[in-house]
């Protein structure tokens with residue numbers, strides 16, 4: 001896990017594991033949507049999620065192009081964009097894939113304004 005908004009493409013023509021910016025035709029729209037979410041999240045907007053084992057990982061403005069972060073061949077985000085014209089972003093909301101129940105109220109508070117800002121973009 002991490003705390004970042006990722007946008008297409010997740011796959012790249014070279015299939016290098018990381019570091020390849022795979023720009024879609026709607027790259028600016030995807031960056032706009034990702035920033036709309038990230039800019040309202042108290043951790044995501046810093047671009048420094050400080051996840052255990054990945055403390056040096058940073059994401060400018062709290063967003064990343066999927067393939068630049070790591071290549072994912074055949075992911076739903078890309079599939080839905082290419083085949084259904086669906087503009088999806090992927091939201092990584094926690095360093096922990098399954099946070100304990102006791103942390104859920106804090107996670108809600110961290111994400112509430114981001115969710116509202118994102119919904120307003122629709």
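Placed from the backbone N, Cα and C atoms, the Cβ positions cover glycine too.
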Region 'Disordered' per TrEMBL - which of 1-20, 21-40: 1-20
Spatial neighbours, same chain, of residue 92 (active site, proton donor/acceptor) - Cβ under 8 Å, 6+ residues apart: 1, 2, 3, 4, 5, 6
